[in-house]
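Below is one structure, written out as structure tokens; the observations come after it.
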Amino acid sequence: MIVLDTNVVSEAMKPTPHPAVRAWLNEQAAETLYLSSVTLAELLFGIRALPSGKRKDVLARTLDGLIELFRDRVLPFDTDAARHYAELAVAARAGGRGFPTPDGYIAAIAVSRHFIVASRDTAPHEAAKVAIINPWEQ
């Protein structure tokens, strides 16, 4: 099972996503892909912060469709994920890396469920020893 980081979902929402990302997503069985509540929060904020207009409207409709598509596959940041976040952040720090909060929360959600993270931003995940795949490089 794979938790999609916000950068993967954002890329997929573009009118013309990167070909490698599009191909990678098309190769995955839909039921193996999950979103996190953190990614939804980031996407909702990003869209709501846009000025009114066609782009904002299109992205809002696209996100509504994604929310419906993933309605049973949105993972919360719960107590177990919070405990894993603390462990991962300490591991990243010990490795001399920072562990950005949104990315760290998404990684903790994935690790708490024994899932992989799909993200373009691999360095913090690697520092914390989180299983990661980069769709841009597949």
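Start at 1 and count along the chain as shown; that gives each residue its number.
Placed from the backbone N, Cα and C atoms, the Cβ positions cover glycine too.
Marked as domain 'PIN' by TrEMBL: 2-128. Marked as Mg(2+) binding site by TrEMBL: ASP5, ASP103.
This prediction places the mean pLDDT of the domain 'PIN' (2-128) at 95. Long-range neighbours of ASP103 (Mg(2+) binding site) (same chain, six or more residues apart, CB within less than 8 Å of its CB): ASP5, SER119, ASP121, PRO124, HIS125.
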